[in-house]
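J.: My structure is below; once you've seen it, I'll send some questions.
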Amino acid sequence: MTSLEPATTAAAESATPPRRRTGRPEWLPAVPFYAVCGLLALLFVAPVAWLVVSSFKSSAEFAQSPPTLLPTTWSLENYRRLLDAGLWQNVTNSLIVTAGTVVAASTLSVLAGYGFARFRFPGKGVLFLIVLSTLMIPFQSIVPSLYVILDALQLTNSRLGLVLVYTVFALPFGIFTMRAAFAAVPPAIEEAAIVDGAGSLSALRRVLLPIVTPGVATVALYAFFTAWNEFLAALIFTTRQQQYTLPVVLANLQTGAGGTLNWGVLETGAVFAALPCIAIFLILQRYYVAGLTGGAVKG
Amino acid sequence: MAVPVLTGRRRRGSMARRQRMGLLFVAPAVLLVLGMFVLPIIVTAVMSFYDWSLLGERRFVGLANYRRLTGDDSFWHSLGFTTVYTVIVTAALLVVGFALASAVRHRRRGVGLLRTAFVMPVVIGFATASYLTLWLLDDRIGIVPDLLRRTGLADGNVSVFSSYPSALTVVVLLVVWKTVGLTMLLLMTGMQAISKDFYEAAQVDGARRIRVFFSITLPLLRPTVGLVLILTVIGSYLAFDQFFILTQGGPDNSTIPVVYLIYRAGFIDFNLGYSAAMSIALMVILLILTSIQLLLVRTREDS
């Protein structure tokens with residue numbers, strides 16, 4: 001696990017003498033600081049941790065009143081019931097849609113970021129403005145027509161349809177990030193490759209791509225979280241349970257098959273939806289944080 | 001903005017040709033944005049002039065949808081509710097975000113772990129977090145009502161979603177829990193970018209901490225606070241998942257944000273035309289709000 005430190009500030013701070021840079025005493029002495037912050041951190045982490053632990057209760061114990069803190073007997077009943085109910089299909093849907101979005105958004109962002117950062121072509125300013133405008137106008141306000149368009153293309157109830165929608169969600173941030181990443185690379189590096197006879201595309205692939213990998217990681221992460229967690233579009237653009245992604249199938253479980261809600265199964269479904277995000281965040285948080293805060297510093 | 005461009009004196013013709021290749025690189029992304037974003041905006045605008053059923057029938061009705069919108073109490077109520085929600089969420093996020101950012105901005109043992117803990121909920125989906133909340137707050141099996149009863153803060157039923165103030169409070173708490181990590185990160189990065197000289201000068205002058213915050217940190221953070229404001233306001237105006245799952249618009253339709261109304265009109269009542277008119281209204285409102293905020297940040301920065 002890497003520490004949560006934006007790459008940019010980490011570099012800036014290591015350049016200054018390590019201790020007491022401000023010359024000010026710590027604003028809170030150690031004991032109250034760790035007591036308060038520790039409690040707060042618990043408040044952020046405990047609900048999810050308890051959710052995961054509780055998913056190993058039996059379905060009956062999960063629905064018991066008052067709730068038990070730890071499972072009296074550890075059981076996989078909720079998981080078995082969930083999979084019996086056909087959850088694999090929805091996990092697969094989520095995986096395919098997310099993988100498709102990550103690949104499409106990263107590839108298109110790299111290409112467009114390269115194009116916008118390194119080339120001068122007619123209409124460039126207008127095209128970049130169009131891409132950026134997607135940041136200003138939310139997708140939620142084009143839902144009615146997006147449905148009609150997808151329906152006409154027979155892309156409702158389709159994983160490809162969702163991939164297209166989510167890719168467009170992720171593109172503005174992706175292109176913005178990749179354009180900045182390419183702009184930060186000295187042009188001399190790829191000029192050398194091009195003088196050696198490489199084309200633009202092969203210069204991009206062999207020389208530039210390894211340098212901008214951190215940027216690509218940020219874009220891929222952002223696309224992952226977008227696609228894995230998105231609810232509204234998936235709710236509207238899929239109407240058959242076999243096509244639902246995880247968040248939407250949970251809404252179905254909430255209504256309850258046959259009118260009765262099985263809490264253990266619903267919340268175990270929430271574990272399926274939450275854990276991949278948390279795992280990936282813990283492993284790759286450096287890129288996530290650097291990407292989100294990078295834009296903030298530059299303004 | 002300065003964009004480094006390959007420029008060579010020699011081979012001007014082939015250079016120009018090479019430059020034009022940039023169009024090829026941006027084409028796939030731009031085409032997708034045009035097809036799946038720009039075109040839908042235009043189509044939404046067109047649809048708003050039609051009586052357009054989800055089942056396919058459509059009839060041109062001119063401004064009828066907009067006329068209906070101006071007299072639609074549920075729309076104005078929803079707009080008012082969304083605004084109230086946005087103001088509360090934005091204020092809460094800024095206050096808590098500032099507190100957390102001040103706590104973890106300096107290097108200190110274990111601070112990395114604290115930051116990780118505060119940011120972790122950001123990556124969980126709103127829908128997922130809502131299902132989690134639903135369970136924690138359930139009157140019968142939830143831990144929160146249980147604790148409230150044990151500590152004597154409540155007795156009998158604790159049904160948080162049956163009254164407007166408590167339903168709204170729960171949603172605000174959920175949103176703060178889930179997103180304040182991002183606010184904290186942005187503010188923290190902004191704080192760390194402020195030159196230490198300012199603080200040293202303030203210390204020499206013997207300024208008090210509160211004074212330092214209001215006279216140095218806050219003014220120098222304006223661009224960051226502006227960014228946080230824009231992100232939070234847009235995000236809050238678009239709230240949907242948490243209301244759809246937790247309050248389901250209740251009690252008595254008092255917690256229906258605009259996007260929920262758009263969803264209902266289009267996909268429950270099958271009236272895509274009216275849904276489109278509301279969408280256009282939301283789009284215009286957001287564009288105005290964002291422009292105002294951008295202007296505020298700009299002019300303050302310049303002066």
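Glycine is treated like the rest: Cβ placed from N, Cα and C.
Checked TrEMBL, it gives:
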- A:1-23: region 'Disordered' (REGION)
- A:1-17: compositional bias 'Low complexity' (COMPBIAS)
- A:27-53: transmembrane segment (TRANSMEM)
- A:91-284: domain 'ABC transmembrane type-1' (DOMAIN)
- A:95-114: transmembrane segment (TRANSMEM)
- A:126-150: transmembrane segment (TRANSMEM)
- A:162-186: transmembrane segment (TRANSMEM)
- A:207-225: transmembrane segment (TRANSMEM)
- A:263-284: transmembrane segment (TRANSMEM)
J.: Looking only at residues six or more beyond either end of the transmembrane segment (A:207-225), which have a C-beta under 8 A from one in the stretch?
T.: 7, 98, 101-102, 105-106, 109-110, 113-114, 166-167, 170, 173-174, 177-178, 180-182, 185, 189-190, 192-193, 198, 277, 280, 284, 287-288, 290-292, 294
J.: Below 8 Å between Cβ atoms, which of the listed ranges A:27-53, A:95-114, A:162-186, A:263-284 makes the most pairs with the transmembrane segment (A:126-150)?
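T.: Stretch with the highest Cβ contact count: A:162-186.
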J.: Could you check whether the transmembrane segment (A:95-114) and the transmembrane segment (A:27-53) come into contact, where contact means at least 3 Cβ pairs under 8 Å with the two residues of each pair 6 or more apart in sequence?
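T.: As far as Cβ distances go (cut-off 8 Å, pairs 6 or more apart), the transmembrane segment (A:95-114) and the transmembrane segment (A:27-53) do not touch.
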